[in-house]
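Chemist: Sequence annotations record features per position, and here TrEMBL assigns domain 'IFT121/TULP4 N-terminal' to 45-230. Feature annotation from TrEMBL assigns repeat 'WD' to 81-112.
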Amino acid sequence: MFLHFERSTNTKADCKVLSLTWMGKVPDELPDEDGWKLNRVNYYQDGWLATGNTRGVVGVTFTTCHCRKTMELPSRTNYNLRGHRSEVTLVKWNEPYQKLASCDSSGIIFVWIKFEGRWSIELINDRNTQVTDFAWSHDGRMALICYQDGFVLVGSVAGQRYWSSNLNLDANITCGIWAPDDQQVLFGMSSGQILVTDVHGEMVGQVRVQEGVNITGMAWSCEKFKMEETDEEDGIHTVLYQQT
């Protein structure tokens, strides 16, 4: 991969970027029960970068590591999605469903979907409370939302609420993630603890990482999908993507 810095005022952002999320190149259709057949090279070298900035704009830009002039590019490689009226603090891709969630500082969440070359808002969620974290499950079917007041919500990709709870704790929930198998939810706390619930919201356990240390983020060191080699042709490896 090559990185090139261009000395031009036209290539600089006119405001501060607050959040980034990248999505690899995947087929337009949804995966079936057996998953997708994807080319490993294409997935990691082509994709879409989404950004959220202080002007309330969500940017979506096509990215590639290829430098061939003959390579096929999308008909449009850059989008500015407008609708937020305050700073966009979080942007998160849902890869299996090709959707993008964006959260602003006022607590409004938009779920964007692309149709016939245009991005539009499919769902709106507004509790009038700041969102501290948002996470899609690995299979893309569920969304986790953490709020500043301790309220947490798990819903479907279509906007249906599965369960919600107001965790009256001595510390604030600062972040949340799904376990690799999507059967548990982990919450990071401002007190240095990690709370674990099952997929239905029942408390499973808690771990104290360090007393009084604010946990600002969590991430798994694992693949988003299970990759299995299926065949080789002309030196190109094809992999089967399955939700784990």
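Numbering starts at 1 and runs along the chain as displayed.
Even glycines carry a Cβ here, placed using N, Cα and C.
Heads up, TrEMBL stuff is auto-annotated, nobody curated it.
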Chemist: Count up the helix, strand and coil residues in the repeat 'WD' (81-112) according to DSSP, in that order.
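Modeler: The breakdown for the repeat 'WD' (81-112) reads 0 helix, 19 strand, 13 coil.
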Chemist: Would you report the average pLDDT that the model assigns to the domain 'IFT121/TULP4 N-terminal' (45-230)?
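Modeler: Mean model confidence (pLDDT) across the domain 'IFT121/TULP4 N-terminal' (45-230) is 89.
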